Amino acid sequence: DGCGHTVLGPESGTLASINYPQTSPNSTVCEWEIRVKPGQRVQLKFGDFDIDDSDSCHSSYLRVHNGIGPTRAEIGKYCGFDFQMDGLITSKSNEVTVQFMSGTHTSGRGFLAAYSTTDKSDLITCLDNASHFSEPEFNKYCPAGCVIPFAAISGTIPHGYRDSSSLCMAGVHAGVVSNTLGGQINVVISKGIPYYEGSLANNVTSKVGPLSTSLFTFKTSGCYGTLGMESGVIPDSQITASSVLEWSDQTGQVNIWKPENARLKRVGPPWAAFISDEHQWLQIDLNKEKRITGIITTGSTLAEYYYYVSAYRILYSADAQKWTVYREPGMDKDKIFQGNTELYQEVRNNFIPPIIARFFRINPLNWHQKIAMKVELLGCQFSIGRAPKITVPPPPQNKNDKNGDFSDDIINSVKTSLQTDKTTFTPEIKNTTVTPSVTKDVALAAVLVPVLVMVFTTLILILVCAWHWRNRKKKTEGTYDLPYWDRAGWWKGMKQFFPTKSAEHEETPVRYSSSEISHLRPREVPTMLQTESAEYAQPLVGGIVGTLHQRSTFKPEEGKEASYADLDPYSSPLQEVYHAYAEPLPITGPEYATPIIMDMSGHPSTPLGVPSISTFKAAGNQAPPLVGTHNKLLSRTDSTSSARALYDTPKGQPGPGAADELVYQVPQSVAHSTGSKDEPS
């Protein structure tokens, strides 16, 4: 009569003295016989020990024996108030006897202990909570039987549990471990929250809790998603029931509480059975096999109809013909799940281990007034791993029975593995799916791609350089160039984009004859420059040679000659008249014409003051500046009466005579105003 809370599982369990944690009664006794699998040993750990030791363990004590029955041998005898037992008590066999004796005493809570096989080195008791451990994450083994009335928890999943909660009891509430089997938990500590919700799950009631400095949660497999009742993934046609409640209210309206109404959190009436007895059921077809890890239920959720199911069984099937009642491993009785205690609250129950099935059936056993409920299933997809394809080499030409038998053995072994192994394959098999050829291709591509990029980049650079070289060659080898003074404003802007310096900027000397240099005034004598030979003769120019140094793109008119005179550069008007016989520029040449530079030493001059027609277009309204500060280039004239270019002298000075005039040589076949032709000098 001295036995308290007791759960003895096949691998672990929990035992406590009567009335624990209150004072145990006098003159009581209890013995626990613990057995585990043969070949294993038992380890015992005390969570609390408080036994009166006033008579030196004579009448009140706890004794542990190695073995069961008359042949058992005592391991130790223990007593004391708040006795702290370091370490574990380990047996020498797979059987242990624990004896508790309570004599006459006035105080003492008794004890609470947990046991497991010795391979569970991280065993804890049902009284341990998260505040007992300093690690932010740890693994522990919870014994069976930790749903105890004198322990409390606060919180729920997924938000977490208050740090003062029992670890193992919270593990049962969360569905991580089974109360009848125990199991391993993976705990993660994090910062606390201001408020902890309460709920009912797996026959454990979690209470509302206040703010705490920390909380803990559990790492799980993640197979706790909803399977489609609430969302509608499961269609109405796949929800059936043994019977349907149909009735008329006071207004005469017919109410039918059909099976498809049994969707959690859906507004409206639930499913209700027409007859309330233990033979009613609600069936859900998942369309294919799923891994079912839990179920959530509510009552009618209608205040005027206080209906709910308080206990039920679970049945499952693969074909809806042969049904299996859910039982926990090692148990010979059907598991009865606790249902609702009122019509609104959601109650969760987990299946450890999970159910693998397509058809799922709920069989109510207890209810309030009528059988009525809404449900949701928890779980995830279930897939059977496929065996790798095995290629059997074809037998040789001369068939023999041994090779045939060998092939049959391989095929049979593959069939056997597909029938027995219904779990996913190990990572080693998955890693062999990548063939060596794929690996070689990847390595080859990693080498070729950079090489190809470099080759294409080099080709592009070569093409760009060749293009620039070709353009530069065309510039230097062109027959006609632009004069410096004939560039338009936009052309000046475009020149900055040219990659290399063109030949237009190179000044070359012009040859003068000694006779003509003697005719020039001192201010008109420029630096002597030499130019390359051109198609047309170049003129002897004084005072403007610095700018008129490029080869001409104009061909003079056949049969006419023209002469030029030095006029006053200060009063001569500037005329913008194009030569009537100017030929268009070549396609690859510059856009503007360059002046004709010709030697006029052997041609007769024409009188001054004869009007002329210009063959050059001035940029803007002014002529470009020439060498020196006083000379300005006037327009070249050409007409039937005169072909001389006139230049003015500064005001206050007499005009130049015929002998002092600056003369330009007229190209071949250019007619003078008199109609005569002269050969170039």
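Each residue, glycine too, has its Cβ placed from N, Cα and C.
Just so you know, TrEMBL annotations are computer predictions that nobody has curated.
Here is what TrEMBL records for this protein:
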- 3-118: domain 'CUB' (DOMAIN)
- 120-216: domain 'LCCL' (DOMAIN)
- 223-380: domain 'F5/8 type C' (DOMAIN)
- 637-661: region 'Disordered' (REGION)
- 442-467: transmembrane segment (TRANSMEM)
I'd like to know the mean pLDDT over the domain 'CUB' (3-118).
92
Using DSSP, break the domain 'LCCL' (120-216) down into helix, strand and coil residues and give each count.
11 helix, 38 strand, 48 coil
Helix-strand-coil residue split for the domain 'CUB' (3-118), DSSP-based:
0 helix, 61 strand, 55 coil
